Amino acid sequence: MNPVQLWMTAAGFIGLILAWSFSIKRNRRYSTILLLIILICGFQITTPQKALQGAPFHRYSDSQIAMYACSLIARKMQVCSEMASVQNKLDSLTECLCKNKIAFATTAHCFDVGYPDQVDAFLDLCNERTNAGVSRKDYSDALDFYRKEAAQTVSTEPLHPPQVPSQVIYTYRDAYDQFLGNYTRSVEYGIPIIAFWAIVFIVAAIDYRIKLWAPKITNRFTDPVSNTIRKSFTLPALLGRQRTQEKTSLKIFDYLQPSRMESMILIGFCGLTTYLSVCKIHPVENDPIFPSSTMALLRYYSVRSGIIATYILPLSFLFAGRNNILQGFTGWTYSTFIIFHRWTTRIMVLLILVHSVGYGALLHKHTAAPKAYIYYGFAGTVAGIALLGQALLVLRRKFYEMFLAIHIILAAVFLAGAWMHVKNLNFLWYYHFSLWVWLADRAYRIQRLLQFGFPNAEVELFADSTLRVKVRRPPSFLAEGGGHCFVHFLLPLTFWQSHPFTYTVMGDFIVFYIKVKEGVTRDLQRQIERSKSKSVFVRVAVEGSYGECTPARNYDSKIFVAGGNGIPGIFAEAYEAVSSASSHGLTHLIWVVRDIEAVRWFQEELNLLRDYSIAVTIYVTRLCERAPLLGDSDKSNVELEHSLPHVVFKQERPNIAKIVSFEVFKSNGSVCFVTCGHPAMVDDLRYEVTKAIGSERKRIDFFEQLQVWA
């Protein structure tokens, strides 16, 4: 690129950035499109030339592999003395092989026996690189010359082409098929892995869009086969009831098990990756390249595992991003993609470990000091292993903020080490692309923060240790029923922390209800308790909205089940379902709370349902003495119930099994259950809904809005 082009490119890029900055708060759609253009241009401009020259764009063709194999035979037979020191440089080999009569005849014999389908490619290579001007007739003449003049003895300056047995040619062919062909196959075998995930997401997207846009088609699938698939494979937890609750192994390690559908996808991914990692790899007897089968296999498996790992890396980065476009495409939750992120990363690190150990064993046999790129690869491998170790659930739960910071640092070290390791090899493009996937996610997160601004939020404290955070929303904010936002409380020591919360929309405000725990929420509680007004104003940054609404509004019966502070998102989706012009069928909102004090902070929202056709039931699971609401007038529990005449209060624990069976029986058609709340309740509801499938000839679905990844 000359200076004029460079300046024009820079000016255009700066112009795009300025246009984007002006459109951030003026037009959300234009700013999103402009940012996408900026990212694509930035990716193209910054892509190193070496990245474009390597995989997946560079592979060894069959003709190149044939040329390397036959040239090695020529070197071993000493038909070109000047080739004795040449180390696999194709341009250096072709001059002698194509212009020297003895070498050309020997090579022609090699192609005739081992690569008859590559003869034309061999002649083209000779003519392109050496201007030898050889033709098919020259090739036939060379074969005739070889057959007449081939000698059994080899001399340093042969007058006759050496006699090369067919078995020797086959051995060299097989050896180079493993040596260079393995590289090409490894590059090609990464494509089925990408295709596997593409098929998974396309099928999920079709299913999601049919439920949204053509619910009548979905409702027809109530036959025994469809019910068996959903009851046994797509809906239940992997084993037993627990899906969102952590399980314990060896009394030490906690973990979250995937759903059965997620598990099948991951088993398919792991099985495919394992097969592709070992497919068509075998030692060659009397290998002319490696002195032993062990060294050959170490090389082959190291190459294969390293290349396939590079294909998985962009997937790992993509699945971890909050702005993952696949969430909107498939309707799957962020927590599902985090599960995919963990498992793709585990498989990738395992492959990198195989790559590192294999090459380490090979290098151990060499006395020369390792080059710098080896140390970079070692650093990246160590960082990858550390990533897996510090991502244990017990550490994420107890030290989440520390986990997140260390996780990002280790990921950066891993990417930098891998980048430097492959910088002069053929795989830089994958790491460059992965870096820009990460940068794109960060750029869109920054855009969302800038679009929302940094307003003051009113934070109130209620008696059951719940914070009510009320924030004015900008006109560009797109609320989504069941969506969530990441909230930063811009306090001196915690401004960099963000946590996801569901919300409700109240006029020009969005409202979050947050249970007080440790960290920033505890600090806010203390501030409010010291405040005379029992509320404080805190500047916040809001990133969102994320998440997709479920297709619940298209069902004949819609049952929304919330637990505790999981009510905002469930309420928002239920309210959206009953207040829309296309509202139809039965809608039931069920809220499970520990004590009635929780109802007080959500009373305003519940009153919005008074004029709509929706049944509201609140289960109060613990009888308790009324505690006065902080900052509110003194009200009795009876008065509270009377102020909500459209709400049925029940002083008991809900029987999930009876609720599910009753709602299914009562429905005149399709029925769905949407839930967010305590993990145990969510898992119980999933279990009972799964059991109910097939009990009646009705479409029964379950949608989980609980986000659990830590």
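Cβ atoms here come from the backbone N, Cα and C positions, even for glycine.
Annotation comment: TrEMBL describes 305-417 as domain 'Ferric oxidoreductase'. When DSSP labels each residue, the domain 'Ferric oxidoreductase' (305-417) comes out as 96 helix, 0 strand, 17 coil, counted as helix, strand and coil in that order.
Here TrEMBL flags 452-548 as domain 'FAD-binding 8'.
The domain 'Ferric reductase NAD binding' (559-688): residue composition by secondary structure is 53 helix, 29 strand, 48 coil, according to DSSP. What TrEMBL records for 559-688 is domain 'Ferric reductase NAD binding'.
Among the features that TrEMBL reports, transmembrane segment is placed at 6-23 (among others). Listed by sequence, the residues of this chain that lie at least six past the ends of the transmembrane segment (6-23) yet keep a Cβ under 8 A from its Cβ atoms are 30-31, 34-35, 37-38, 41-42, 45.
As annotated by TrEMBL, transmembrane segment applies to 30-47 (among others).
Per TrEMBL, the feature transmembrane segment maps to 189-210 (among others). Residues 56, 217-218, 265, 268-269, 272-273, 276, 279, 304, 307-308, 310-312, 315, 326, 329-332, 551 of the same chain, all 6+ positions outside the transmembrane segment (189-210), place their C-beta atoms under 8 angstroms from a C-beta of that stretch.
The transmembrane segment feature in TrEMBL is assigned to 264-283 (among others). Tertiary proximity for the transmembrane segment (264-283) is limited to same-chain residues at least six positions away from its ends with a CB under 8 Å from its CB atoms, namely 178, 182, 185, 189-190, 192-193, 196-197, 200, 233, 258, 293, 296-297, 300-301, 304-305, 308, 312, 339-340, 343-344, 347, 351, 354.
Distant neighbours of the transmembrane segment (303-322): 55, 182-183, 185-187, 189-191, 193-194, 197, 273, 276-278, 281, 334, 337-338, 340-341, 344-345, 347-348, 351-352, 354-355, 358, 418, 422, 427, 430-431, 433-434, 437-438, 440-441, 445, 486, 543, 546; these residues of the same chain sit at least 6 beyond its ends, with a Cβ under 8 Å from one of its Cβ atoms. The annotation transmembrane segment is assigned in TrEMBL to 303-322 (among others).
Feature annotation from TrEMBL assigns transmembrane segment to 343-362 (among others).
The transmembrane segment annotation in TrEMBL covers 374-395 (among others). Long-range contacts of the transmembrane segment (374-395) within the same chain: residues 246, 252-256, 342, 345-346, 348-349, 352-353, 356, 359, 363, 403, 406-407, 410-411, 413-421, 710, each at least 6 residues beyond the stretch ends and with a Cβ under 8 Å from a Cβ of the stretch.
As annotated by TrEMBL, transmembrane segment applies to 402-422 (among others). Counting residues 6+ beyond its ends, the transmembrane segment (402-422) has Cβ neighbours under 8 Å at 54, 310, 313, 372-374, 376-381, 383-384, 386-387, 390-391, 395-396, 428, 431-432, 434-435, 438, 710 in the same chain.
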DSSP-assigned states of the domain 'FAD-binding 8' (452-548) in counts, ordered helix, strand, coil: 12 helix, 47 strand, 38 coil
